[in-house]
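Chemist: Below: one structure in structure tokens.
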Amino acid sequence: MTELPDSTRWQLWIVAFGFFMQSLDTTIVNTALPSMAQSLGESPLHMHMVIVSYVLTVAVMLPASGWLADKVGVRNIFFTAIVLFTLGSLFCALSGTLNELLLARALQGVGGAMMVPVGRLTVMKIVPREQYMAAMTFVTLPGQVGPLLGPALGGLLVEYASWHWIFLINIPVGIIGAIATLLLMPNYTMQTRRFDLSGFLLLAVGMAVLTLALDGSKGTGLSPLAIAGLVAVGVVALVLYLLHARNNNRALFSLKLFRTRTFSLGLAGSFAGRIGSGMLPFMTPVFLQIGLGFSPFHAGLMMIPMVLGSMGMKRIVVQVVNRFGYRRVLVATTLGLSLITLLFMTTALLGWYYVLPFVLFLQGMVNSTRFSSMNTLTLKDLPDNLASSGNSLLSMIMQLSMSIGVTIAGLLLGLFGSQHVSVDSGTTQTVFMYTWLSMAFIIALPAFIFARVPNDTHQNVAISRRKRSAQ
């Protein structure tokens, strides 16, 4: 890093800025949801869509981000991403209704979808290969700090200012980042193949309408007939994509990926596993505030041990997998996370609040081990010519499953509770108890998938640079 010219180091700072903005926004909103609900006159049970609208948009737009950067140029797309993200933040702060907020969050999601993958692509183009790992470590460090600061900062702003400020703080950062991008970042382009627009649209429609249908009458107020229509449209769109991708060398995601057994198992496990894990960052601060009566700032502080546990475990995941193998690690961490979820609910409802930080720290450790193991299992056996496509599909599935997880969590709250819940009441705690029990069951289910991982899959084979950096 010290051998790089000053111009390159400034460009890396710009990318790191983008990583920080995107990672901060994914966690800062969770703590503010109850306050948003009160301000907008909505039930807290509807506020999961604030998360879903952002994450689902990211999932839909991710496949196009790398192609756009190659076609239009990394500077132009990175600048556009920052501008869209900043405008989305402004519109979020100005929103007077939930529907306005959801549209603004979707605009944020378009910017967020392009920011991180295009940032990775920028690092690949401006840094010599032998310094790539050091450069990526540098630019992703702010992305690790974002989740650490997000919950507490969100709680602090909500408690001592208003929820609008969790979006307003993005505006000066975004303006500085946009100007710096125009002045300092080169506009690399490269020859691209024709974009699979038909496949992209089919996948986008399928993912969006099925997630909307899953939210159902509880969240969107749709009639059973409308929900059935959405399900039919979503299924038809996905089936049409499969027919489109069969024997199509230009398909967005080649079906040849699924000939690799570890990829198929890893992708299925990642999808199911992140549905359960995706519920936790949303449900935990909501439960602490509405179920237990914590202040927004206190609830945000309680999330820090989980992030610290996750960051600390990343250093030894490789040794753990090499020692025990993928199947044992993934089955054990999946069942362990389910038990920890039950432990969190039990200690919280018993009033043992001093134990909660330790439980959340343990949850972060287990979750981090499982995430890292799922990612490497999915990609490690892919041939080089499919590595980039496989990584893109995995990234999309990660975002999609998180949006589905938050949607299911909102559904469970609506199923077990009324449309209006009071803070720290016996009835509310019962609603959360049943929701938490259901979550623990859902979290445990992927263990059946991971149990099918071959016994001899025990070595954590290093992922090539192309696989690590692909979109």
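Counting starts with 1 at the first residue shown.
Quick reminder: no glycine exception, Cβ is built from N, Cα and C everywhere.
Pulled these features from Swiss-Prot for this protein:
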- 1-11: topological domain 'Periplasmic' (TOPO_DOM)
- 12-32: transmembrane segment (TRANSMEM)
- 33-48: topological domain 'Cytoplasmic' (TOPO_DOM)
- 49-69: transmembrane segment (TRANSMEM)
- 70-76: topological domain 'Periplasmic' (TOPO_DOM)
- 77-97: transmembrane segment (TRANSMEM)
- 98-101: topological domain 'Cytoplasmic' (TOPO_DOM)
- 102-124: transmembrane segment (TRANSMEM)
- 125-137: topological domain 'Periplasmic' (TOPO_DOM)
- 138-158: transmembrane segment (TRANSMEM)
- 159-164: topological domain 'Cytoplasmic' (TOPO_DOM)
- 165-185: transmembrane segment (TRANSMEM)
- 186-196: topological domain 'Periplasmic' (TOPO_DOM)
- 197-217: transmembrane segment (TRANSMEM)
- 218-224: topological domain 'Cytoplasmic' (TOPO_DOM)
- 225-245: transmembrane segment (TRANSMEM)
- 246-262: topological domain 'Periplasmic' (TOPO_DOM)
- 263-283: transmembrane segment (TRANSMEM)
- 286-306: transmembrane segment (TRANSMEM)
- 307-341: topological domain 'Periplasmic' (TOPO_DOM)
- 342-362: transmembrane segment (TRANSMEM)
- 363-395: topological domain 'Cytoplasmic' (TOPO_DOM)
- 396-416: transmembrane segment (TRANSMEM)
- 417-430: topological domain 'Periplasmic' (TOPO_DOM)
- 452-471: topological domain 'Cytoplasmic' (TOPO_DOM)
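If you look at the structure here, what lies around each of the features I listed?
Modeler: Averaged over the topological domain 'Cytoplasmic' (33-48), the predicted model reaches a pLDDT of 84.
With a threshold of 8 Å between CB atoms, the same-chain residues lying at least 6 positions outside the topological domain 'Cytoplasmic' (98-101) that come near it are 36, 40, 42, 46-47, 49-50, 91-92.
Counting same-chain residues at least six beyond the ends of the transmembrane segment (102-124), those with a Cβ under 8 angstroms from any Cβ of the stretch are 11-12, 15, 18-19, 21-22, 25, 49-50, 53-62, 65-66, 68-70, 74, 77-78, 80-89, 91-92, 94-95, 132, 135-136, 139, 143, 185, 188, 395, 469, 471.
Remark: secondary structure over the topological domain 'Cytoplasmic' (159-164) totals 2 helix, 0 strand, 4 coil, with classes taken from DSSP.
Away from its own ends, the transmembrane segment (165-185) comes close to residues 7, 10-11, 13-14, 17-18, 21, 25, 28-29, 32, 74-75, 78-79, 82-83, 85-86, 89-90, 92-93, 122, 153-154, 157-158 of its chain (Cβ-Cβ under 8 Å, at least six residues beyond either end).
Distant neighbours of the transmembrane segment (197-217): 49, 52, 56, 59-60, 63-64, 223-224, 227, 230-231, 233-235, 237-238, 240-241, 244-245, 248, 251-253, 396, 400, 403-404, 407-408, 410-411; these residues of the same chain sit at least 6 beyond its ends, with a Cβ under 8 Å from one of its Cβ atoms.
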Chemist: Would you say the transmembrane segment (342-362) and the transmembrane segment (286-306) are touching, if the rule is that at least three C-beta pairs must lie under 8 angstroms and be 6 or more residues apart?
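Modeler: Result for the transmembrane segment (286-306) with the transmembrane segment (342-362) is yes.
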Chemist: What stretch of 49-69, 138-158, 263-283, 396-416 shows the most Cβ pairs under 8 Å to the transmembrane segment (12-32)?
Modeler: 138-158
Chemist: Do any residues, 6 or more residues outside the transmembrane segment (138-158), come within under 8 Å Cβ-to-Cβ of it, and if so which ones?
Modeler: 1, 12, 15-17, 19-32, 35, 116, 119, 123, 165-166, 169, 285, 295-304, 307-308, 310-311
Chemist: Is the count of Cβ pairs under 8 Å between the transmembrane segment (396-416) and the transmembrane segment (77-97), pairs 6 or more apart in sequence, 3 or more?
Modeler: no
Chemist: Given a Cβ distance threshold of under 8 angstroms, which distant residues of the chain, six or more beyond its ends, lie next to the transmembrane segment (342-362)?
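Modeler: Residues 284, 287-288, 291-292, 302-303, 305-306, 308-309, 429, 432-433, 436-437, 440 contact the transmembrane segment (342-362) from elsewhere in the chain.
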Chemist: Just to be sure I understand, if DSSP states are collapsed into helix, strand and coil, how many residues of the topological domain 'Cytoplasmic' (33-48) fall in each?
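Modeler: Helix, strand, coil within the topological domain 'Cytoplasmic' (33-48): 12 helix, 0 strand, 4 coil.
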